[in-house]
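Asker: As annotated by Swiss-Prot, FMN binding site applies to Ile68, Lys69, Asn134, Glu143, Arg159, Tyr160, Ser209, with the evidence given as sequence analysis.
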Amino acid sequence: MQDAAPRLTFTLRDEERLMMKIGVFVPIGNNGWLISTHAPQYMPTFELNKAIAQKAEHYHFDFALSMIKLRGFGGKTEFWDHNLESFTLMAGLAAVTSRIQIYATAATLTLPPAIVARMAATIDSISGGRFGVNLVTGWQKPEYEQMGIWPGDDYFSRRYDYLTEYVQVLRDLWGTGKSDFKGDFFTMNDCRVSPQPSIPMKVICAGQSDAGMAFSAQYADFNFCFGKGVNTPTAFAPTAARMKQATEQTGRDVGSYVLFMVIADETDDATRAKWEHYKAGADEEALSWLTEQSQKDTRSGTDTNVRQMADPTSAVNINMGTLVGSYASVARMLDEVASVPGAEGVLLTFDDFLSGIETFGERIQPLMQCRAHLSALTQEVA
């Protein structure tokens, strides 16, 4: 396989501008993000995620994030049928780490904002101010129908109205310890939360629709987006540009953090063979479920996250951007990611998390010009 990314050279000023943060998307669900019978098969456990978070911290990753998933896709691999809960997992990880930032995901249809505010303040205390919250509106209807809390399909078109009220309650409670917010979805009557977080609580989101980006531009500290394609590291640039345009309306600085899967080995050819092997084992039954669910939302337009996830181009890993190559090739492609205006960081998954993080820290990160500021630290831990 030929290197998809040309070698880049940067001046010192460029290196400073292109300094990029790295996060790990910990596998809270079984089998991580590969919907394949040929991929590693494993259950989510605290011990596994503890080892991943500690290894990521060892190699100076900046943050760890867990999603929330309440119902999986089934199939031969029982994909995401087995999941831990995000806040309790991240509270545990906060207690066994010391530097890395920790983010949990709130499925906002399942948790009142006042409860999330208090849980977040608690994990802020556990972590010493290293905690933040990822807010999701919910796209997979069966997750909520199974509990009898799906608000009806009109929710698809009103979900960011709901989330806007939700985050206003959170900001009230974290900022002042009190909320009397009155809206269409929430009514607070002298609602109290104390103690408040020790530092301002970070709120993140993953909006790719126009409504999602408008929300992030107004309320989020940064916004996640999907990478696109295989070995096309800058293909997400139009999405990052849309996010920058959205912030022009609010006057806020909200950077994009891009989701990629890293599959790396000694050579490009060896890694390409591994990627083709994963694709050959695609769990078609689970993928059919994903496609079916992506078609339930007929009201939000064509630019939502779930529409990209179900695209058949690379559905075996939910169509996140995929970087497949030698350690040097992956390092060059990640430097290309850093060159995109508005891209402040990446959120990484791996085909094998423990070995993947180790080889990233030992073999890839030292070659990345956008991580050159860590050279002294990586020499210490190598």
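Any Cβ shown, glycine's included, is placed from N, Cα and C.
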Asker: Record lists Ile68, Lys69, Asn134, Glu143, Arg159, Tyr160, Ser209 as binding FMN; longest Cα-Cα distance in Å?
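Answerer: Across Ile68, Lys69, Asn134, Glu143, Arg159, Tyr160, Ser209, the widest Cα separation comes out at 21 Å.
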Asker: For a quick check of packing: other C-beta atoms within 10 Å of the C-beta of Ser209 (FMN binding site), how many?
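Answerer: Summing over all protein chains shown, Ser209 (FMN binding site) has 20 other Cβ atoms within 10 Å.
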Asker: State the count of C-beta atoms found within 10 angstroms of the C-beta of Tyr160 (FMN binding site), not counting that atom itself.
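Answerer: Counting Cβ neighbours of Tyr160 (FMN binding site) within 10 Å gives 23.
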Asker: If you draw a 10 Å sphere around the Cβ of Ile68 (FMN binding site), how many other Cβ atoms fall inside it, taking every protein chain shown into account?
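Answerer: Counting Cβ neighbours of Ile68 (FMN binding site) within 10 Å gives 23.
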Asker: Relative to the Cβ of Glu143 (FMN binding site), which residues of the same chain, six or more apart in sequence, are found under 8 Å away?
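Answerer: Result: Lys69, Leu70, Arg71, Ala107.
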